[in-house]
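Over in TrEMBL, the protein carries these features:
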| type | residues | note |
| --- | --- | --- |
| DOMAIN | 1-416 | domain 'Major facilitator superfamily (MFS) profile' |
| TRANSMEM | 21-38 | transmembrane segment |
| TRANSMEM | 50-67 | transmembrane segment |
| TRANSMEM | 79-99 | transmembrane segment |
| TRANSMEM | 105-124 | transmembrane segment |
| TRANSMEM | 136-159 | transmembrane segment |
| TRANSMEM | 265-287 | transmembrane segment |
| TRANSMEM | 294-316 | transmembrane segment |
| TRANSMEM | 322-350 | transmembrane segment |
| TRANSMEM | 362-382 | transmembrane segment |
| TRANSMEM | 388-408 | transmembrane segment |
Amino acid sequence: MSGAIIFIQEELKITEVQQEVLVGCLSIVSLIGSLVGGRTSDAIGRKWTMGIGAIIFQLGGLIMTVANSFQILMVGRLLSGIGIGFGATIMGVYIAEIAPASSRGFLTTFPEICINLGILLGYVSNYAFSGLPANINWRVMLALGVLPSVIIGFALLVIPESPRWLVLQDRVNEARTILMKTIGDEKEVAERLDDILKTASKAKSNNSQEKAVWREIVKPSHAVYKMLAAGVGLQCFQQITGIDALVYYSPTILKTAGIEGNSQLLAATISVGVTKTAAILVALLLIDRIGRKPLLYTSTIGITICLFCISLSLPFMGKGPIGIALAILFICGDVAFFSIGIGPICWVLTSEIYPLRIRAQAVAVGFAANRVCSGLVSLSFLSVSNAISVPGTFLVFCAFSALSVVFVHKFIPETKGKTLEEIESLFQERERLKEGHLDLADTRHLVS
């Protein structure tokens with residue numbers, strides 16, 4: 001959309017406010033899909049919920065491709081947002097529930113890799129098709145976005161259902177078969193299945209389970225409150241530090257730095273996409289080696305420094321080659337630090353920290369908060385930039401990023417190498433430790 005919006009504006013003559021609405025509504029409306037997706041996944045399973053999301057997204061993409069007015073374009077954009085909400089909410093839950101603890105961080109990072117690869121390919125296709133007539137190029141750009149979601153249809157014929165969801169449906173033998181395929185070791189499978197059965201038994205013990213789940217989220221115990229604070233807070237900080245502003249409006253930001261011409265602007269955005277995609281590979285290699293929290297520290301501190309430097313470089317040297325080079329350098333630095341830490345780890349942690357009984361709904365709440373924050377940034381970026389300037393807007397993002405460093409220090413635990421059941425126990429044991437009720441036998445979880 002970052003490149004397509006330039007040519008959509010030229011052909012359909014949409015206003016600046018309409019540009020903001022078209023770009024930002026995707027994030028806002030996706031929270032509808034996320035909230036519905038959480039309940040749907042508990043009813044029909046994780047993988048078929050992702051399938052529904054893919055179908056809705058494809059329909060939205062096709063409508064945008066043939067749109068001849070802003071209104072029709074908005075219909076397609078809204079459907080795409082709902083489809084994204086369905087799929088993105090559940091993908092992290094699905095991977096976390098099916099992956100072995102030793103490689104869960106590695107595997108849960110893959111969605112973020114695909115997102116970054118999609119952004120890069122979007123930038124490349126924007127540049128490649130920018131030379132076509134203005135009434136065709138943006139349609140081709142948006143049409144290409146439909147193709148990857150088609151792959152999901154074929155993937156659903158191959159991938160298994162979540163073993164934890166199967167246990168909740170009393171399909172224990174199917175769950176055991178899937179765990180054998182993903183783990184391979186019979187002893188470990190037996191231990192994992194026993195942990196899942198115990199956790200599922202607690203979830204089933206509640207009468208009116210759905211109401212009990214939402215009651216627990218709305219009026220959480222102190223341990224669940226800590227989980228929600230960590231998960232939802234991290235989702236919000238991931239967005240209010242301005243990453244979607246850089247992704248969606250990078251041509252506008254680079255234009256402020258002094259780059260002129262649509263082709264030159266779109267070519268410069270490719271460097272942003274390449275950096276963002278390459279950096280995610282660093283997270284992929286390190287997340288299960290050095291842990292989540294060290295990467296989060298590196299990420300949030302690095303983002304804060306880069307945002308501060310962007311706010312300085314644009315006004316003082318924005319019209320010369322040095323200013324352009326510095327702006328591109330600091331923007332690439334920002335997306336690189338985002339991709340090695342808070343970008344992927346946000347999804348990893350929020351799919352790890354919640355108990356099975358509330359996991360899907362709690363992740364959906366966190367995703368909804370993420371989308372609201374993303375939408376607010378996307379919907380307001382141009383207006384706020386006109387009011388306080390682009391450098392001033394990035395200074396605001398910098399302040400939020402500095403707060404995220406403090407948040408990581410105070411609220412985020414280290415979950416590397418722990419099973420989902422051990423992570424749940426970790427939050428509960430921390431609370432018992434504060435209350436003075438921690439047994440000597442309980443310390444083994446804290447040490448592990």
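Each Cβ is built from the backbone N, Cα and C atoms, and glycine gets one as well.
Packing against the transmembrane segment (136-159) from elsewhere in the chain are residues 1, 3-8, 11, 47-48, 50-51, 54, 57-58, 61-62, 64-66, 83, 87, 118, 121-122, 125-126, 129-130: each is 6 or more residues past its ends and has a CB under 8 Å from a CB in it. Sequence-distant neighbours of the transmembrane segment (21-38) (same chain, 6+ residues past either end, Cβ-Cβ under 8 Å): 1, 5, 8, 14, 49, 53, 56, 70, 73-74, 77-78, 80-90, 244, 248-249, 360-361, 363-365, 367-368, 371-372, 374-380. In the predicted structure, the domain 'Major facilitator superfamily (MFS) profile' (1-416) carries a mean pLDDT of 81.
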